[in-house]
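These come from TrEMBL:
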BINDING   HIS93, HIS95, LYS195, ASP309  Zn(2+) 1 binding site
BINDING   LYS195, HIS247  Zn(2+) 2 binding site
MOD_RES   LYS195  N6-carboxylysine
DOMAIN    293-405  domain 'Amidohydrolase-related'
Amino acid sequence: MYSTNIDSMINACKIHFCLLILLVFGGNVFGQKYDLLIKGGHVIDPANGIDKIMDIAVNKGIIAKVAVKINEPAEKIIEAKGLYVTPGFIDMHTHVFVGPNAGLFADGVNSVSPDDFTFRSGVTTVVDAGTSGWRSFPLFKKQVIDQSKTRILAFINISGDGMTGAEHEQNIADMVPDSALSIINQHAETIVGVKIGHYNGTDWTPYDNAIKLARQVEKPLFVECHLPQYSLQDQLAKLSAGDMITHTYENIKERMPIIGEDGKVRPFVLEAKKRGILFDLGHGGAGFWFDQAAPAVKQGFAPNSFGTDLHRFSMNSAMKDMTNVMSKFMALGLSLNDVVQIATWNAAMAIKHEELGNLKAGNVADLAIFKVSEGTFGFTDSGGKTISGSKKLEMEMTVRDGKIVWDLNGLGAKKVDF
Ligand SMILES: [Zn+2]
(Lines of atoms letter the chains of each structure in order from A and count residues from 1; the text may use other names and numbers.)
(Lines give C-alpha, C1' and ligand atoms only; values in the text may rest on other atoms or scores of the structure.)
Protein backbone atom coordinates (compact mmCIF):
# COMPACT_ATOMS: atom_id res chain seq x y z
CA MET A 1 0.00 0.00 0.00
CA TYR A 2 2.76 2.36 1.11
CA SER A 3 4.98 1.47 -1.86
CA THR A 4 2.04 1.91 -4.27
CA ASN A 5 1.58 5.47 -2.99
CA ILE A 6 5.29 6.16 -3.44
CA ASP A 7 5.11 4.78 -6.99
CA SER A 8 2.12 6.92 -7.87
CA MET A 9 3.84 9.97 -6.37
CA ILE A 10 6.93 9.24 -8.44
CA ASN A 11 4.77 8.80 -11.54
CA ALA A 12 2.94 12.06 -10.82
CA CYS A 13 6.29 13.83 -10.40
CA LYS A 14 7.47 12.40 -13.72
CA ILE A 15 4.34 13.72 -15.42
CA HIS A 16 4.77 17.13 -13.81
CA PHE A 17 8.44 17.19 -14.78
CA CYS A 18 7.53 16.39 -18.37
CA LEU A 19 4.89 19.13 -18.35
CA LEU A 20 7.47 21.56 -16.95
CA ILE A 21 9.94 20.63 -19.69
CA LEU A 22 7.20 21.14 -22.28
CA LEU A 23 6.31 24.52 -20.81
CA VAL A 24 9.92 25.69 -20.75
CA PHE A 25 11.02 24.34 -24.12
CA GLY A 26 7.71 23.58 -25.80
CA GLY A 27 7.50 27.09 -27.18
CA ASN A 28 10.65 26.44 -29.22
CA VAL A 29 9.91 22.81 -30.05
CA PHE A 30 6.32 23.33 -31.12
CA GLY A 31 5.38 27.00 -31.37
CA GLN A 32 8.45 29.10 -32.13
CA LYS A 33 10.25 26.94 -34.60
CA TYR A 34 10.71 28.73 -37.90
CA ASP A 35 10.51 27.10 -41.29
CA LEU A 36 13.42 29.12 -42.63
CA LEU A 37 16.07 31.28 -41.00
CA ILE A 38 18.42 33.39 -43.12
CA LYS A 39 21.39 34.35 -40.99
CA GLY A 40 24.03 37.04 -41.27
CA GLY A 41 23.06 38.53 -44.64
CA HIS A 42 23.27 42.25 -45.42
CA VAL A 43 19.60 43.17 -45.47
CA ILE A 44 18.48 46.06 -47.68
CA ASP A 45 14.83 46.94 -47.14
CA PRO A 46 14.40 50.56 -48.24
CA ALA A 47 10.73 50.70 -47.22
CA ASN A 48 11.69 50.06 -43.60
CA GLY A 49 15.00 51.95 -43.63
CA ILE A 50 17.09 48.79 -43.12
CA ASP A 51 20.62 48.59 -44.56
CA LYS A 52 22.72 46.34 -42.30
CA ILE A 53 23.57 42.78 -41.28
CA MET A 54 20.44 41.09 -39.93
CA ASP A 55 18.70 37.75 -39.60
CA ILE A 56 15.31 37.00 -41.18
CA ALA A 57 12.95 34.30 -39.93
CA VAL A 58 10.16 32.92 -42.07
CA ASN A 59 7.19 30.84 -40.98
CA LYS A 60 4.35 29.44 -43.09
CA GLY A 61 5.30 31.63 -46.02
CA ILE A 62 5.27 34.84 -43.98
CA ILE A 63 8.09 37.07 -42.69
CA ALA A 64 8.04 36.22 -38.97
CA LYS A 65 10.86 38.40 -37.69
CA VAL A 66 13.72 40.61 -38.86
CA ALA A 67 16.31 41.21 -36.14
CA VAL A 68 20.05 41.61 -35.59
CA LYS A 69 20.22 38.12 -34.04
CA ILE A 70 17.57 35.41 -34.13
CA ASN A 71 18.51 32.40 -32.05
CA GLU A 72 15.35 30.31 -32.09
CA PRO A 73 15.60 27.00 -33.93
CA ALA A 74 14.51 26.64 -37.54
CA GLU A 75 13.79 23.77 -39.88
CA LYS A 76 16.28 25.16 -42.38
CA ILE A 77 19.07 27.67 -41.80
CA ILE A 78 20.71 29.56 -44.65
CA GLU A 79 24.11 31.07 -43.89
CA ALA A 80 24.03 34.30 -45.90
CA LYS A 81 27.28 35.89 -44.75
CA GLY A 82 28.73 37.96 -47.59
CA LEU A 83 25.40 38.06 -49.41
CA TYR A 84 22.70 40.70 -49.71
CA VAL A 85 19.12 39.90 -48.75
CA THR A 86 16.31 42.07 -50.15
CA PRO A 87 12.60 41.79 -50.89
CA GLY A 88 11.91 39.79 -54.06
CA PHE A 89 12.08 41.99 -57.15
CA ILE A 90 9.00 43.24 -58.99
CA ASP A 91 9.20 43.40 -62.79
CA MET A 92 6.73 46.09 -63.82
CA HIS A 93 6.65 45.26 -67.52
CA THR A 94 6.51 41.72 -68.91
CA HIS A 95 4.65 39.74 -71.56
CA VAL A 96 3.80 36.34 -70.08
CA PHE A 97 0.49 35.37 -71.73
CA VAL A 98 2.21 32.41 -73.36
CA GLY A 99 0.16 30.12 -75.59
CA PRO A 100 0.17 28.20 -78.85
CA ASN A 101 -0.41 30.97 -81.41
CA ALA A 102 2.44 31.76 -83.79
CA GLY A 103 3.54 35.38 -84.06
CA LEU A 104 1.36 36.63 -81.20
CA PHE A 105 2.00 37.93 -77.71
CA ALA A 106 -1.55 37.23 -76.43
CA ASP A 107 -1.96 33.46 -76.00
CA GLY A 108 1.09 33.18 -78.23
CA VAL A 109 4.70 32.12 -78.54
CA ASN A 110 6.09 35.69 -78.38
CA SER A 111 5.29 35.73 -74.66
CA VAL A 112 7.32 33.65 -72.22
CA SER A 113 6.40 31.38 -69.35
CA PRO A 114 7.34 33.45 -66.29
CA ASP A 115 8.79 30.74 -64.02
CA ASP A 116 11.34 29.93 -66.72
CA PHE A 117 12.99 33.34 -66.31
CA THR A 118 11.96 35.06 -63.08
CA PHE A 119 13.40 33.24 -60.07
CA ARG A 120 16.91 32.94 -61.47
CA SER A 121 17.07 36.74 -61.45
CA GLY A 122 15.39 37.36 -58.09
CA VAL A 123 12.01 38.33 -59.53
CA THR A 124 9.08 37.04 -57.47
CA THR A 125 6.34 39.24 -58.96
CA VAL A 126 5.77 40.17 -62.59
CA VAL A 127 3.25 42.62 -63.92
CA ASP A 128 2.01 41.68 -67.35
CA ALA A 129 1.79 44.80 -69.52
CA GLY A 130 -1.61 44.38 -71.11
CA THR A 131 -0.85 41.27 -73.11
CA SER A 132 -4.38 40.18 -72.27
CA GLY A 133 -7.43 42.34 -72.83
CA TRP A 134 -10.64 42.42 -70.85
CA ARG A 135 -12.07 39.60 -73.00
CA SER A 136 -9.04 37.30 -72.92
CA PHE A 137 -8.08 37.85 -69.27
CA PRO A 138 -9.99 34.76 -68.01
CA LEU A 139 -7.99 32.56 -70.42
CA PHE A 140 -4.73 34.24 -69.32
CA LYS A 141 -5.64 33.55 -65.69
CA LYS A 142 -6.53 29.92 -66.26
CA GLN A 143 -3.67 29.17 -68.63
CA VAL A 144 -0.77 31.08 -67.03
CA ILE A 145 -1.53 32.94 -63.78
CA ASP A 146 -3.02 29.92 -62.01
CA GLN A 147 -0.27 27.60 -63.31
CA SER A 148 2.74 29.69 -62.27
CA LYS A 149 4.69 29.94 -59.05
CA THR A 150 5.67 33.50 -59.94
CA ARG A 151 3.10 35.99 -58.67
CA ILE A 152 1.50 37.46 -61.78
CA LEU A 153 -0.35 40.76 -61.68
CA ALA A 154 -1.61 42.47 -64.80
CA PHE A 155 -2.45 45.68 -66.55
CA ILE A 156 -5.48 44.90 -68.65
CA ASN A 157 -5.54 46.04 -72.25
CA ILE A 158 -8.35 48.39 -73.26
CA SER A 159 -8.41 46.39 -76.49
CA GLY A 160 -10.64 43.36 -75.76
CA ASP A 161 -8.33 40.62 -76.98
CA GLY A 162 -5.09 42.28 -75.92
CA MET A 163 -1.94 42.04 -78.02
CA THR A 164 -3.27 40.01 -80.91
CA GLY A 165 -1.54 41.90 -83.71
CA ALA A 166 -1.81 45.35 -85.25
CA GLU A 167 -5.01 44.68 -87.18
CA HIS A 168 -7.05 43.67 -84.12
CA GLU A 169 -5.68 46.44 -81.96
CA GLN A 170 -7.25 49.14 -84.15
CA ASN A 171 -10.87 48.30 -83.39
CA ILE A 172 -12.19 51.23 -81.34
CA ALA A 173 -15.53 49.46 -80.87
CA ASP A 174 -13.61 46.88 -78.86
CA MET A 175 -12.07 49.48 -76.53
CA VAL A 176 -15.08 50.04 -74.33
CA PRO A 177 -14.60 50.89 -70.66
CA ASP A 178 -17.90 49.34 -69.53
CA SER A 179 -16.94 45.93 -70.90
CA ALA A 180 -13.70 45.92 -68.96
CA LEU A 181 -15.19 47.18 -65.72
CA SER A 182 -16.72 43.96 -64.47
CA ILE A 183 -13.63 41.85 -65.21
CA ILE A 184 -11.46 44.37 -63.31
CA ASN A 185 -13.85 44.32 -60.37
CA GLN A 186 -13.92 40.51 -60.37
CA HIS A 187 -10.11 40.38 -60.21
CA ALA A 188 -9.35 43.58 -58.34
CA GLU A 189 -6.29 42.13 -56.57
CA THR A 190 -4.66 40.80 -59.73
CA ILE A 191 -5.50 43.55 -62.20
CA VAL A 192 -3.44 46.56 -61.17
CA GLY A 193 -4.35 48.99 -63.93
CA VAL A 194 -5.32 49.65 -67.53
CA LYS A 195 -3.02 49.57 -70.54
CA ILE A 196 -3.16 51.44 -73.82
CA GLY A 197 -0.94 50.40 -76.70
CA HIS A 198 -0.34 49.86 -80.36
CA TYR A 199 -3.14 51.97 -81.75
CA ASN A 200 -2.39 53.67 -85.08
CA GLY A 201 -5.37 56.00 -85.50
CA THR A 202 -5.12 59.75 -85.00
CA ASP A 203 -8.09 60.31 -82.74
CA TRP A 204 -7.77 60.11 -78.97
CA THR A 205 -10.77 57.84 -78.34
CA PRO A 206 -8.79 54.74 -77.20
CA TYR A 207 -6.54 56.86 -75.02
CA ASP A 208 -9.49 58.72 -73.50
CA ASN A 209 -11.46 55.50 -72.96
CA ALA A 210 -8.49 53.88 -71.23
CA ILE A 211 -8.08 56.93 -68.97
CA LYS A 212 -11.79 56.97 -68.20
CA LEU A 213 -11.65 53.31 -67.18
CA ALA A 214 -8.51 53.78 -65.08
CA ARG A 215 -10.12 56.67 -63.21
CA GLN A 216 -13.31 54.68 -62.73
CA VAL A 217 -11.46 51.80 -61.03
CA GLU A 218 -8.95 54.12 -59.31
CA LYS A 219 -5.96 52.35 -60.79
CA PRO A 220 -3.10 53.66 -62.92
CA LEU A 221 -3.00 53.85 -66.70
CA PHE A 222 0.04 52.18 -68.27
CA VAL A 223 1.11 53.62 -71.62
CA GLU A 224 3.28 51.26 -73.60
CA CYS A 225 2.90 52.16 -77.20
CA HIS A 226 5.11 54.48 -79.20
CA LEU A 227 1.99 56.09 -80.64
CA PRO A 228 3.81 58.23 -83.19
CA GLN A 229 0.54 59.97 -84.07
CA TYR A 230 0.47 61.64 -80.67
CA SER A 231 3.33 63.79 -79.43
CA LEU A 232 5.02 62.71 -76.22
CA GLN A 233 4.14 66.07 -74.74
CA ASP A 234 0.43 65.66 -75.50
CA GLN A 235 0.45 62.13 -74.10
CA LEU A 236 2.08 63.18 -70.84
CA ALA A 237 -0.35 66.09 -70.53
CA LYS A 238 -3.25 63.61 -70.51
CA LEU A 239 -1.80 61.57 -67.64
CA SER A 240 -2.35 62.06 -63.92
CA ALA A 241 -0.17 61.35 -60.89
CA GLY A 242 0.40 57.59 -60.55
CA ASP A 243 -0.05 56.85 -64.27
CA MET A 244 2.95 55.22 -65.95
CA ILE A 245 4.69 55.59 -69.25
CA THR A 246 7.25 53.03 -70.34
CA HIS A 247 10.20 52.81 -72.75
CA THR A 248 11.57 55.86 -70.95
CA TYR A 249 15.05 55.84 -72.53
CA GLU A 250 13.99 54.91 -76.05
CA ASN A 251 15.55 56.68 -79.01
CA ILE A 252 13.67 55.69 -82.13
CA LYS A 253 12.03 57.82 -84.78
CA GLU A 254 8.49 56.86 -83.71
CA ARG A 255 8.73 58.76 -80.45
CA MET A 256 10.45 61.91 -79.30
CA PRO A 257 13.36 61.01 -76.99
CA ILE A 258 13.33 62.50 -73.50
CA ILE A 259 16.73 64.17 -73.96
CA GLY A 260 16.54 67.43 -75.91
CA GLU A 261 18.99 68.96 -78.40
CA ASP A 262 20.79 70.64 -75.49
CA GLY A 263 21.60 67.27 -73.89
CA LYS A 264 19.16 67.85 -71.07
CA VAL A 265 15.95 66.06 -70.05
CA ARG A 266 13.21 68.04 -71.76
CA PRO A 267 11.42 70.49 -69.41
CA PHE A 268 7.95 69.04 -70.12
CA VAL A 269 9.26 65.57 -69.15
CA LEU A 270 10.66 66.92 -65.89
CA GLU A 271 7.39 68.70 -65.25
CA ALA A 272 5.46 65.43 -65.81
CA LYS A 273 7.69 63.62 -63.33
CA LYS A 274 7.15 66.43 -60.84
CA ARG A 275 3.39 65.99 -61.27
CA GLY A 276 3.76 62.36 -60.16
CA ILE A 277 3.79 60.58 -63.51
CA LEU A 278 5.88 57.44 -63.20
CA PHE A 279 8.50 56.52 -65.79
CA ASP A 280 9.02 52.78 -66.22
CA LEU A 281 12.21 51.53 -67.83
CA GLY A 282 10.61 49.22 -70.43
CA HIS A 283 13.97 47.98 -71.65
CA GLY A 284 12.73 45.42 -74.15
CA GLY A 285 14.51 44.79 -77.41
CA ALA A 286 14.59 48.42 -78.55
CA GLY A 287 13.66 50.57 -75.56
CA PHE A 288 16.98 51.28 -73.87
CA TRP A 289 19.62 53.66 -75.21
CA PHE A 290 22.69 54.92 -73.37
CA ASP A 291 22.49 58.29 -75.17
CA GLN A 292 19.23 58.82 -73.26
CA ALA A 293 19.80 56.92 -70.03
CA ALA A 294 23.34 58.11 -69.24
CA PRO A 295 22.61 61.88 -69.30
CA ALA A 296 19.19 61.36 -67.73
CA VAL A 297 20.55 59.39 -64.76
CA LYS A 298 23.36 61.95 -64.36
CA GLN A 299 20.69 64.67 -64.21
CA GLY A 300 18.77 62.73 -61.54
CA PHE A 301 16.16 61.26 -63.88
CA ALA A 302 16.22 57.57 -62.84
CA PRO A 303 13.32 55.26 -63.72
CA ASN A 304 10.60 54.70 -61.16
CA SER A 305 10.50 50.96 -61.93
CA PHE A 306 12.69 48.48 -63.78
CA GLY A 307 10.17 46.96 -66.17
CA THR A 308 12.35 44.70 -68.28
CA ASP A 309 9.71 44.26 -71.03
CA LEU A 310 10.49 40.55 -70.84
CA HIS A 311 9.37 38.63 -73.92
CA ARG A 312 10.72 36.06 -76.33
CA PHE A 313 13.00 38.54 -78.11
CA SER A 314 14.15 41.01 -75.44
CA MET A 315 15.60 38.34 -73.15
CA ASN A 316 18.26 37.45 -75.70
CA SER A 317 19.05 41.07 -76.59
CA ALA A 318 20.78 43.75 -74.50
CA MET A 319 18.18 43.37 -71.75
CA LYS A 320 18.97 39.81 -70.56
CA ASP A 321 17.31 39.84 -67.14
CA MET A 322 16.45 41.91 -64.08
CA THR A 323 19.84 41.52 -62.35
CA ASN A 324 21.64 42.61 -65.51
CA VAL A 325 19.35 45.65 -65.77
CA MET A 326 20.01 46.57 -62.14
CA SER A 327 23.77 46.13 -62.57
CA LYS A 328 23.63 48.29 -65.71
CA PHE A 329 22.05 51.13 -63.76
CA MET A 330 24.78 50.78 -61.12
CA ALA A 331 27.30 51.17 -63.95
CA LEU A 332 25.41 54.37 -64.87
CA GLY A 333 25.87 55.74 -61.36
CA LEU A 334 23.02 54.50 -59.16
CA SER A 335 23.89 52.90 -55.82
CA LEU A 336 22.97 49.36 -54.82
CA ASN A 337 20.43 50.86 -52.43
CA ASP A 338 18.90 52.90 -55.28
CA VAL A 339 18.48 49.93 -57.61
CA VAL A 340 17.02 47.75 -54.85
CA GLN A 341 14.52 50.45 -53.96
CA ILE A 342 13.46 50.82 -57.60
CA ALA A 343 13.08 47.03 -58.03
CA THR A 344 11.11 46.59 -54.79
CA TRP A 345 9.36 49.30 -52.82
CA ASN A 346 8.91 51.89 -55.57
CA ALA A 347 7.34 49.27 -57.82
CA ALA A 348 5.09 47.94 -55.02
CA MET A 349 3.77 51.42 -54.27
CA ALA A 350 3.15 52.15 -57.95
CA ILE A 351 0.83 49.15 -58.28
CA LYS A 352 -0.74 49.78 -54.85
CA HIS A 353 0.42 46.42 -53.50
CA GLU A 354 2.20 47.67 -50.41
CA GLU A 355 2.27 44.20 -48.88
CA LEU A 356 4.97 43.48 -51.49
CA GLY A 357 8.45 44.92 -51.96
CA ASN A 358 9.32 45.13 -48.27
CA LEU A 359 10.20 42.88 -45.34
CA LYS A 360 7.76 43.97 -42.68
CA ALA A 361 6.81 41.10 -40.32
CA GLY A 362 3.48 39.63 -41.41
CA ASN A 363 4.07 40.23 -45.11
CA VAL A 364 4.59 37.46 -47.63
CA ALA A 365 8.14 36.04 -47.57
CA ASP A 366 9.41 36.83 -51.07
CA LEU A 367 13.19 37.30 -50.97
CA ALA A 368 16.13 37.83 -53.28
CA ILE A 369 19.54 36.72 -51.94
CA PHE A 370 22.51 37.69 -54.07
CA LYS A 371 26.14 38.60 -54.17
CA VAL A 372 27.64 41.65 -55.82
CA SER A 373 30.67 40.48 -57.79
CA GLU A 374 33.51 42.89 -58.50
CA GLY A 375 35.40 42.92 -61.79
CA THR A 376 35.04 44.33 -65.28
CA PHE A 377 31.67 43.67 -66.87
CA GLY A 378 30.10 44.82 -70.11
CA PHE A 379 26.56 46.19 -70.39
CA THR A 380 24.88 46.89 -73.69
CA ASP A 381 21.99 48.95 -75.06
CA SER A 382 19.45 48.54 -77.83
CA GLY A 383 21.63 50.54 -80.24
CA GLY A 384 24.59 48.13 -80.08
CA LYS A 385 26.65 50.28 -77.70
CA THR A 386 28.43 48.98 -74.63
CA ILE A 387 29.78 50.40 -71.39
CA SER A 388 31.76 48.70 -68.68
CA GLY A 389 30.93 48.49 -65.02
CA SER A 390 32.72 47.13 -61.98
CA LYS A 391 29.85 45.47 -60.13
CA LYS A 392 27.39 42.78 -61.07
CA LEU A 393 24.49 41.26 -59.15
CA GLU A 394 24.48 37.45 -59.16
CA MET A 395 21.44 35.72 -57.75
CA GLU A 396 22.23 33.00 -55.22
CA MET A 397 18.78 32.20 -53.90
CA THR A 398 15.20 33.28 -54.45
CA VAL A 399 12.44 32.62 -51.95
CA ARG A 400 8.79 32.87 -52.98
CA ASP A 401 6.05 32.51 -50.38
CA GLY A 402 8.64 31.20 -47.91
CA LYS A 403 9.82 28.45 -50.26
CA ILE A 404 13.23 28.24 -51.92
CA VAL A 405 12.56 28.42 -55.66
CA TRP A 406 16.10 29.13 -56.87
CA ASP A 407 19.32 28.00 -55.21
CA LEU A 408 22.37 28.40 -57.44
CA ASN A 409 25.00 26.90 -55.14
CA GLY A 410 22.87 24.66 -52.96
CA LEU A 411 22.92 26.94 -49.88
CA GLY A 412 19.66 25.35 -48.78
CA ALA A 413 20.57 21.78 -49.72
CA LYS A 414 22.03 19.06 -47.48
CA LYS A 415 25.82 18.88 -47.84
CA VAL A 416 27.36 15.53 -48.66
CA ASP A 417 30.94 14.43 -49.36
CA PHE A 418 31.90 11.75 -51.86
ZN1 LIG B 1 6.03 45.57 -73.62
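The backbone N, Cα and C atoms fix where each Cβ goes, and this holds for glycine too.
TrEMBL does not curate its annotations; it predicts them automatically.
Here the C-alpha separation of ASP309 (Zn(2+) 1 binding site) and HIS247 (Zn(2+) 2 binding site) works out to 9 Å.
Here the Cα atom of LYS195 (Zn(2+) 1 binding site) is found 14 Å from that of HIS247 (Zn(2+) 2 binding site). When pLDDT values are averaged over the domain 'Amidohydrolase-related' (293-405), the model yields 98.
HIS95 (Zn(2+) 1 binding site) carries neither a helix nor a strand DSSP state and counts as coil.
Around the Cβ of LYS195 (Zn(2+) 1 binding site), the number of neighbouring Cβ atoms within 10 Å comes to 31. In the domain 'Amidohydrolase-related' (293-405), the DSSP tally of helix, strand and coil residues is 33 helix, 35 strand, 45 coil. Here the CA atom of HIS247 (Zn(2+) 2 binding site) lies 10 Å from the CA atom of HIS93 (Zn(2+) 1 binding site). Just so you know, the Cβ of ASP309 (Zn(2+) 1 binding site) picks up 28 other Cβ atoms within 10 Å once every protein chain is counted.
Cβ proximity to the Zn(2+) 1 site centre (mean Cβ of HIS93, HIS95, LYS195, ASP309, cutoff 8 Å) flags the following additional same-chain residues: THR94, VAL127, ASP128, ALA129, GLY130, THR131, PHE155, PHE222, GLU224, THR246, GLY282, GLY284, GLY307, LEU310, HIS311.
Of the recorded residues, HIS247 (Zn(2+) 2 binding site) and HIS95 (Zn(2+) 1 binding site) place their C-alpha atoms 14 Å from one another. Every protein chain considered, the tally of other Cβ atoms within 10 Å of the Cβ of HIS93 (Zn(2+) 1 binding site) stands at 30.
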